[in-house]
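The structure appears right after this line, and notes come after that.
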Amino acid sequence: MDQKLQMAGTQSQLEMGSLAVNVSLHEFEDESLFSPESVIQKMQPGHISEYGSAPGGFQPGGSKMGKNVVYKSIKTVVFSNKLNLLIPFGPLTILVHILTGHNGLVFLLSLLGIIPLAERLGYATEQLAMYTGPTVGGLLNATFGNATELIIAIYALRNGMIRVVQLSLLGSILSNMLLVLGCAFFCGGLVFYRKEQVFNKASATVNSGLLLMAVMGLLFPAVLHFTHTEVHYGKSELALSRFSSCIMLGVYAAYLFFQLKSRKDPYIPLSEDESQHGENEDDNDEIPEIGKWESVIWLLIMTAWISILSEYLVNAIEGTSRAWNIPISFIGVILLPIVGNAAEHAGAIMFAMKDKLDISLGVAIGSSTQISMFGIPFCVVVGWIMGKPMDLNFQLFETATLFITVIVVAFFLQEGSSNYFKGLMLILCYIIVAASFFVHEDLPPEDKSSTP
């Protein structure tokens, strides 16, 4: 009897113990639902990359997740664009320069190698701008939007090739205003040939005014030089250029403030109704494809690689001109802008074919405004710091070409509408400009500085 009681007591204790164990297991499961380890285990790799590495015992898997993030970033940035097939031409440029030193081949390979890097630099800038908000994002686009042209210009300026700097920046303006905008109008008009595409006349008018102001800044030093009416010959022209450059930089800063603060979205037509405005805002809410720090790292990598190739490109310009029997003015005005404007060219056409002509106009005319009111004055100030006599005297032929181009484009933009015929006329105007610079011989430096 006592043994039965003991066995019963033992059985009851076992039952109570198992019940306690079950209760404790349930409590552990409930608590584990909210523990950091369980949350991390349930998170996807993309979530872990966003919130950082896992604590404690999850660190061995963190290195694997880090490798996955690096692989995904490289796949997104490098292998997602067919234009990146031209990237191997960059290392090939250095190899050909070391083995052969052929200037024409080095120039061509570096030109091809920079094209995808310029496009990826714009991509990294857009991705970073999604994290910084509209104000800082606008400043980033203003800074890195034409970084390729500025890098090439600074390298040429450092080597004392002032005419190459002037011609390449002038060519970038002409290319954006005539070729890029013309192709956008032409392709958009062919896709929507049954209707007339419209854009915001207010933004176009502001940009046209800024371009005319830039022409005025370039015109006065050239007229002052060729009329020999300087108070101090050789000094007044340079002083006027530096003073005008500071004014132009101040005006461009005010323009950025106007774009970013005074108006929410300058590329949405003012005549659209509320529903269309809301749809456009929804379309603009894009999700970043890479992280913030990934964008910064890729931005630094692309800038450094463009800088390396730009040095080979600039050093091969004069040798290429002799080898190919092509004027340096044609290389600077026509060939070099192809590098920096490849991304703008493709983007403007793509948006025009989607009937987003205001964005195409912002890409083409906005880039021209940026170079004329920021890029050129910036190079004058940088030359001032370097001790180089970089001025705004682009010579009469180049200044007259820019003035006529701005007038023609301003007439095409005044109606606020476009079609394929307008685009065709702009393209043909660019062909005329290219032919003019092909037969134009630039004056040697000694003739420009000769006394009257």
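Quick reminder: no glycine exception, Cβ is built from N, Cα and C everywhere.
Sequence annotations record features per position, and here TrEMBL assigns transmembrane segment to 83-99 (among others).
Here TrEMBL flags 105-123 (among others) as transmembrane segment.
What TrEMBL lists as domain 'Sodium/calcium exchanger membrane region' is 105-260 (among others).
Positions annotated as transmembrane segment by TrEMBL: 135-157 (among others).
Look at TrEMBL and you will find 169-193 (among others) tagged as transmembrane segment.
Within the chain, the transmembrane segment (205-227) has long-range Cβ neighbours (under 8 A, six or more residues past its boundaries) at 177, 236-237, 240-241, 244-245, 247-248, 251-252, 255, 258, 365-366, 368-369, 372-373, 376-377, 391-396, 399, 402-403, 406, 409-410, 413-414, 448. The transmembrane segment annotation in TrEMBL covers 205-227 (among others).
As annotated by TrEMBL, transmembrane segment applies to 239-258 (among others).
In the domain 'Sodium/calcium exchanger membrane region' (295-437), the DSSP tally of helix, strand and coil residues is 121 helix, 2 strand, 20 coil. Marked as domain 'Sodium/calcium exchanger membrane region' by TrEMBL: 295-437 (among others).
Long-range contacts of the transmembrane segment (296-317) within the same chain, counting only residues at least 6 positions beyond its ends with a Cβ under 8 Å from a Cβ of the stretch, are 73, 77, 90, 93-94, 97, 103-104, 106-107, 110-111, 113-114, 117-118, 120-121, 124-125, 128, 144, 147-148, 151-152, 155-156, 159, 161, 164, 290, 328, 331-332, 336, 339. Annotation source TrEMBL lists transmembrane segment at 296-317 (among others).
Under the heading transmembrane segment, TrEMBL lists 323-340 (among others).
Feature annotation from TrEMBL assigns transmembrane segment to 361-386 (among others).
Annotated transmembrane segment per TrEMBL: 392-413 (among others), in sequence order.
Sequence annotations record features per position, and here TrEMBL assigns transmembrane segment to 420-439 (among others). Remote same-chain residues near the transmembrane segment (420-439) are listed as 174-175, 177-179, 181-190, 193, 326-327, 329-330, 333-334, 401, 405, 408-409, 412 (criterion: CB distance under 8 Å, separation of at least six residues from the stretch ends).
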Most Cβ pairs under 8 Å with the transmembrane segment (239-258), selected from 105-123, 169-193, 323-340, 392-413: 392-413
Please determine whether the transmembrane segment (105-123) and the transmembrane segment (323-340) are in contact (criterion: at least three Cβ-Cβ distances under 8 Å, sequence separation 6 or more). yes
Which residues, given as numbers and ranges, are at least 6 beyond the ends of the transmembrane segment (169-193) yet have a Cβ under 8 Å from it? 146, 149, 153, 211, 332-334, 336-338, 340-341, 344-345, 348-349, 351-353, 355, 357, 360-361, 363-365, 367-368, 371-372, 375-376, 379, 394, 398, 401-402, 405-406, 409, 418-427, 429-430, 433
Cβ under 8 Å, sequence separation of at least 6 from the ends of the transmembrane segment (392-413): give me the contacting residues as numbers and ranges. 166-167, 170, 173-174, 177-178, 181, 201, 204-205, 208, 211-212, 215, 217-222, 224-226, 237, 240-241, 244-245, 333, 361, 365, 376, 380, 422, 425-426, 429, 433, 436, 440, 442-443, 448
